[in-house]
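Reading through the structure tokens given below for one structure.
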Amino acid sequence: MNRRLMASILSDRQIEDLISMALEAREASYCPYSRFRVGSALRTVDGKIFQGCNIENAAYGGAICAERTAFVKAISDGHRRFVAIAVACDYNHFITPCGICRQFMNEFGKNLEIFFVNDDRSYRRAVLEDLLPYAFGPENGPLK
């Protein structure tokens, strides 16, 4: 099912708040090597929002994306159910989460709404299931 065509479950105000927090989180980015700042804001089902930024490392494989930073913060605080995430970077091209982030997010639900945000606050929306079709997830393992 193509969920991109469906309306968001968030109100316009909730989307605007998520966008603002993703843009704000981008400011904390640590990216001395790529200079590619990314910020994210993740909303839980109970309305709590966790911000994340990308954090690079001289050994490139040790870097962590903004999306996963937000998820790690939320999960370490005991949250496991999420509604939406907004992702903002310095390039106005509606940047989508990388493959590793998509797989990571899939662990917590295929119906996650993802908003790709530009500096002017314009955005595009997708649902994780449409960005990661045929994903391998918890439902595929031996402990279904």
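We number each residue from 1, going along the chain as drawn.
From the backbone N, Cα and C atoms, a Cβ is placed for every residue, glycine too.
Where the annotation comes from TrEMBL, it is an automatic prediction and has not been curated.
What TrEMBL annotates here:
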- 13-139: domain 'CMP/dCMP-type deaminase' (DOMAIN)
- Asn54, Ile55, Glu56, Asn57, Ala58, Ala59, Tyr60: substrate binding site (BINDING)
- Cys65, Cys98, Cys101: Zn(2+) binding site (BINDING)
- Glu67: active site, proton donor (ACT_SITE)
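Looking just at the domain 'CMP/dCMP-type deaminase' (13-139), the mean pLDDT is 96. Annotated substrate site Asn54, Ile55, Glu56, Asn57, Ala58, Ala59, Tyr60; additional same-chain residues within 8 Å of its Cβ mean position, judged by their own Cβ, are Tyr33, Gly61, Gly62, Ala63, Ile64. Nearest neighbour of the residue listed as 'active site, proton donor' by Cα distance, taken over the binding-site residues Asn57, Ala58, Tyr60, Cys101: Cys101.
Residue counts of the domain 'CMP/dCMP-type deaminase' (13-139) by helix, strand and coil are 42 helix, 33 strand, 52 coil (DSSP-based).
Other residues of the chain with a Cβ within 8 Å of the Cβ centroid of Cys65, Cys98, Cys101, the Zn(2+) site, are Ala66, Glu67, Arg68, Pro97, Gly99, Ile100, Arg102, Phe104. Cβ neighbour count within 10 Å across all protein chains ranks Asn54 highest among the binding-site residues Asn54, Asn57. When the C-alpha distances from Asn54 (substrate binding site) to the binding-site residues Cys65, Cys98, Cys101 are tabulated, the minimum falls on Cys65. The distance from the Cα of Glu56 (substrate binding site) to the Cα of Cys65 (Zn(2+) binding site) comes to 8 Å. Cβ neighbour density within 10 Å is lowest for Ala59 among the binding-site residues Ala59, Cys65. Of all the binding-site residues listed here (Ile55, Asn57, Ala58, Ala59), Ile55 has the Cα closest to the Cα of Cys65 (Zn(2+) binding site).
Taking a C-beta cut-off of under 8 Å and a sequence gap of six or more, Tyr60 (substrate binding site) has these contacts in its own chain: Tyr33.
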